[in-house]
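Features of the protein shown, as given by Swiss-Prot:
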- 111-118, 188-192, 242-245: GTP binding site (BINDING)
- 69-85: compositional bias 'Polar residues' (COMPBIAS)
- 102-390: domain 'tr-type G' (DOMAIN)
- 67-96: region 'Disordered' (REGION)
- 1-23: transit peptide (TRANSIT)
Amino acid sequence: MFLGRAASRTCRHSQPLRVAARAKSTTTAVASSSWHQYGVTGGILASTSSSSRTVVNPAKQRRWVRMASTATATKPTEEASSSDQPPAPAHKLTDNDVKRLTFQRNIGISAHIDSGKTTLSERILFYTGKIREIHEVRGRDAVGAKMDNMDLEREKGITIQSAATFCDWEATNPEDGSKQKYSINVIDTPGHVDFTIEVERALRVLDGAILVLCAVAGVQSQTTTVDRQMRRYNVPRISFINKMDRPGANPWRIVNQIRTKLRMPAAAVQVPIGTEDELKGVVDLVHWRALYNEGPKGTEIRVSKDIPESVAELAKQKRAELIEQLAEVDEEIGELFLMDETPTNRQIADAIRRATIDLKFSPVFMGSAMKNTGVQFLLDGVCEYLPNPSEREVLAIDNKNLDPATASSQASQTPNVPLVPAAAAPFVGLAFKLEEGRFGQLTYVRVYQGTLKKAMNIWNVRTGKKVKVPRLVRMHSDEMEDIDSIGPGEICAMFGVECSSGDTFTDGTSTYSMTSMFVPEPVISLAIKPKGQETPNFSRALNRFQKEDPTFRVHIDQESKETIISGMGELHLEIYVERMRREYNTECITGKPRVAFRETITQRAEFAYTHKKQTGGAGQFARVIGYIEPMEMDPETGKDVAFENLVMGGNIPTNFIPAVEKGFYEALEKGSLTGNPITGVRFVLKDGAFHAVDSSELAFRLATIGAFREAFKKARGIVLEPVMTVDVVAPSEFQSNVIGGLNTRRGTIVDSEVRDDEFTAVAEVALNDMFGYSNQLRGSTQGKGEFSMEYKHHAPVLPNVQKELEEAYQKTLPQSKK
């Protein structure tokens, strides 16, 4: 979409500086701020009057420039042809829409475990007046944090399920001190990698996020995972360095890690006043003022134009650094920088907002949620720098002209349709989370277009069924507030509507559907059975849990007839086993954890397979010709298997193509090497033949299964195992013990860092080699070490391991199948 060049000049400090100009979209392009044409601006106290908007020289508007190489925006770098552009929006925002959306925010809070997300959420609710008392995580006062509403969450001190709430915040205009009320929807997400699906579905429907980092630990394994998820859904983020009161806090090291480890241009917009226990407030580098939290629980804000001498010089350096970073990603600041002119406070703030919304920059805030410092200023930053719902580009797929039989293959070729958050437009919403509530299924919905009303009839696009909305509520953690209607850009919940996570709902006047969220594959499994006689509660619980959580899978092993549950880690499965005991009064016995091995191919293989069966009367005939080849995972969709139909001339009637596709996916369910699912394969159908009488869908499905198995033998199949990124933190004196322990488990050290009396080691280790590691680490560090791990990828097992797995699988097969 963007053409031209990024200027590269030498600044007054004799350092190369890449200056990026803001991209100007054509009249047909839909940019991230596509609704600005309707008067929607988004900063604090934004106005639709011309005086409040940045005036851009028309000559500059005619320039086309490419964003600087340091920018991480995921937008196209070349101009798209007009035929590739989404059609213009069919509806426009009214003045009421503009007024409502301008002061609305939908944000998530995400981070590595124990970075202080839930503590921050608790302070946000307290300062916005949503709760009257502050309660801490782990339920030390027998109450626990508001957003951790499960007993298990309060006992373990971790967030297991994402929790949604809403609040109002009166943001302060830094220029005149006036107040403006903003409505904010907040979703607090888990930090543990085992519950990563909660982060996925939250980010899928949010307009912005707060990335929380520990001032001591910095960027950790789950931080990089959250960063990747934010990029997947193009979610702008502001960063908050929490725990600034801790000994060893070093915010400047963390800012540098955001730039280097997360590859996100970032700069501090604040400098802490005081360190560790002496933390009193922050210096606002943008508006050049000192901000202090005083009074009980930091509720009283004192603003001073006098910067403390102890941090004045550092603040000047960091403000200059902020301007330099902005000059690399924003045209206006870049031009001022090259002309050696100092931008005004307003110009800096506007540039931060533009660059943040365009995914090119992350402003970094600082504070301590536990010590009630910096949270109110962070809320002001949410209002000033993160987008409102109209400033996010939201596209839907128009299914009007799609053939249901081949809709999946046509969808990627269908032009996307922009959705407009106009209240009068046809309703479009996405169900992103399900819960079993006291009054039936609770379905969380993000309304993207139109208005959702109680007792309204809506259509599930996936099933084509019409349903009535019997009850509509807004959620405050586990509390509900009944409402009659809710407008676009809002998040709500419906009772009594049966659906699946990721379903699109409309009012029946449109044929739009939205892409669902990315669902990672499980990496660990174990056998489970009820203790004693099986009860209906056992199957009822399993059915409910796998409906609520797409990463929790249940199946029956055909050989052993055991019930197998699969998930993202040991803790993930342990939590569900414990919930079965507590919520369904069902004690369970579990087997040893099993690693989720996979099979794949390493080379292309042709097939020309004929399925014939004659039983007297109508027989079966189908012939399929084509090839299979290795396929890399698509980083955006997560898909690593694909079916392609290249048949021309009607050699296979189109009504049999879906049967071929079904046969391919059925063949992937169980590989011939170890009986595990097959991944990383593209199936290409080139030709075939049929019989006017004997051909059927069954015949083509069986022919495809036979063809795939025949080709798999020639494609040099291998076995894959999950490899984990393991993050170990321990006192420096135990460094050799930790490294030695990882080496004995065939781990590869990819990074290490020593700071003060503590060190961190990051290694890649096969999950199969990680069982029992917690006991080993505890023994080798005298109980002072801790580790976390997250799934990285599947990699080939060693040849001797593959041989053992194949031999073990062969022993389970009946003699007739060997």
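Cβ coordinates are placed from backbone N, Cα and C, and glycine is handled just like the others.
Take the binding-site residues K117, H192: by the count of other Cβ atoms within 10 Å of each Cβ, the lowest one is H192. For A111 (GTP binding site), applying a Cβ distance below 8 Å and a minimum sequence separation of six or more within one chain yields K117, G191, L211, V212, L213, Q222, T223, V226, N242. Other Cβ atoms within 10 Å of the Cβ of T189 (GTP binding site), summed over all protein chains shown, number 28. Mean predicted confidence for the domain 'tr-type G' (102-390): the pLDDT average there is 90. In the three-state DSSP scheme, A111 (GTP binding site) falls into the strand class. Shown are the binding-site residues D114, M244; the one with the most C-beta atoms within 10 angstroms of its own C-beta is M244.
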